[in-house]
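Undergrad: In case it helps, TrEMBL gives these features for our protein:
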{"type": "DOMAIN", "residues": "60-526", "note": "domain 'Major facilitator superfamily (MFS) profile'"}
{"type": "TRANSMEM", "residues": "96-118", "note": "transmembrane segment"}
{"type": "TRANSMEM", "residues": "125-144", "note": "transmembrane segment"}
{"type": "TRANSMEM", "residues": "156-175", "note": "transmembrane segment"}
{"type": "TRANSMEM", "residues": "187-208", "note": "transmembrane segment"}
{"type": "TRANSMEM", "residues": "214-234", "note": "transmembrane segment"}
{"type": "TRANSMEM", "residues": "331-351", "note": "transmembrane segment"}
{"type": "TRANSMEM", "residues": "363-385", "note": "transmembrane segment"}
{"type": "TRANSMEM", "residues": "435-461", "note": "transmembrane segment"}
{"type": "TRANSMEM", "residues": "501-522", "note": "transmembrane segment"}
Amino acid sequence: MATPTIAKVIPVSEPKSLSHNSHVEPSPDTKEIIDIEHVPVNDDPRQWSYARKVRSRHHLMLLIDQVDAVSPVDRNFVYSSNILIRTDLHATNNQISWTLAAFILVQGNFPLIWSAIAEITGRKVIYLLSSGLFVVGSAVLALSKTIEVMIAMRTLQAAGSSAFLAISAATLADIYDTHERGTMMGVFYAAPLLGPALGPVIGGLLSQAFNWRAIFYFLLICGVIIFLFFLILFKDTYRCERSLTYYFALQRRSASRGPVRHSSQSTIAGSEFSKNQTRDKDLEKQFQLPVVPEKIPSATPTPGPDNIRLSIKDINPFPPYFQILSRKNNVLVLTVNGLVFGFNYCLSYTCERTLANAYGYDTLSVGLVLLCLGIGSVAGSIIGGRWSDRVVGKMVKANGGQWHAEMRLESSKLTMLWIPLSLIGYGWACDKHLNVAVICVMLILVGFTTIWMYASTLAYLVDANPGRSAAAVATNSSFRGSLAFLSVLIAVPLQNAWGDGILFTGWACVLAAAELLVIIVVHKGESWRKGNEENERKMLSK
């Protein structure tokens, strides 16, 4: 991989377009904002020939769907076999709960590390490392003799599977431009959404036909197949020239090697180092982010200054994380996504208990009912993603061809009224023990409406954080995992104390408040982003 040369900033008066194939232009107020996503690169995935693009994208989508389907299925598999595991390993209820809680917490937060490493090594290395960890964890779990080993290996398994969702979203951002990203995010996210519904069904079938260890042998086989797919078939889409994390790491490494020579032919802009500067602090103040000139014939990245090559040692996962959290628009949307997934975990967990206790359903029957939630979620993801692209296209056209990231969130307004109503309807249908057909209909409606909104908010995080897509999705995963962890811990006590009716009426109020946060970002997010970007440029230019 060629590293970009550090050079003086190329003066640019006014970029005329976002990229060679972009259908939108930035708004007049944002034309001076750096467009790192469209810095020219060699073998640009967005510039592939039509035949190669269709072939590669469809192949990649199939591969991503397969690996992302494993992660949530793995998480929900053991629901159906908890009693068998507890009996066989002589475990307590608290220890069984920790096998789930530890998995959720690690799976939610470990992508912060994977995403940082991915900005140096590329996507393929992360896929191979993470699937390797997943294989090791699954193999040891299948042979485990104590609950302590199971908790430890579930943690390792979670660390491995956590990379798939976060890095896959970044991979799609590498390939798809803004105007088509909503649709592809929706399609991409459809497979993982079936996991929570399919997990109990598949786990129940395997446990009944064999025993609980068959679950982990099944996951072991899936992990090996995924590893081989990435090793043989996957072509890396990462380009270091479009990574802000890479730029800052390169600058820090350059500072430790003395003044940097400048090249007039570089397509990546940097800053000239003063002779008397201190190392990291003064360096980052002087760093100028890359800009895209009006006319660049082709991308020809050249070797870095003094042939500098970066390694994992040059990456700190926390600065990108805090950079994402420093923006109010990000924090509000991340909170919304965390609440949506906290609710979904609470719903799946408590629904199984309600169906087993109040309706007398066995594990397989419970899984089949929960499949309704998965069906609604998949439909909401695919249709919601396509609708968000359609809304963005109409707004860009009405706005004279000018685009800003907050247009993506407008599509989420369509289901905002139905989310609280569907939650209340579901809760009281369970509370009053209505016919299970009513519960199935409400589960479909709940899944459809909540994930419709999530499809827009996830795509917005990628759109609003160019150059940091992996970090943005990893931070989103951290919020999701942390709030889901808390949700699992409080779900049963609240259900026992309040019942399903009051519990999900409360969740309806919480998600109604989350919808207000989305509306605030729709109206204030653009001005907040401009202010943040201006402040960053001022700090870096001092």
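Quick reminder: no glycine exception, Cβ is built from N, Cα and C everywhere.
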Undergrad: With CB pairs under 8 Å as the measure, which of the listed stretches 156-175, 435-461, 501-522 comes out on top against the transmembrane segment (363-385)?
TA: 435-461
Undergrad: What stretch, picked from 156-175, 331-351, 435-461, has the most CB pairs under 8 A with the transmembrane segment (501-522)?
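TA: Stretch with the highest Cβ contact count: 331-351.
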Undergrad: Going along the chain, which residues at least six beyond the ends of the transmembrane segment (435-461) come within the CB cut-off of under 8 Å?
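TA: That would be 169, 181-182, 185-186, 189, 193, 330, 333-334, 336-337, 340-341, 343-344, 347, 351, 355, 359, 369-370, 372-381, 383-385, 387-388, 405-406, 408-409, 411-412, 414-416, 418-419, 422-423, 425-426, 429, 472-473, 476, 511, 515, 518, 521.
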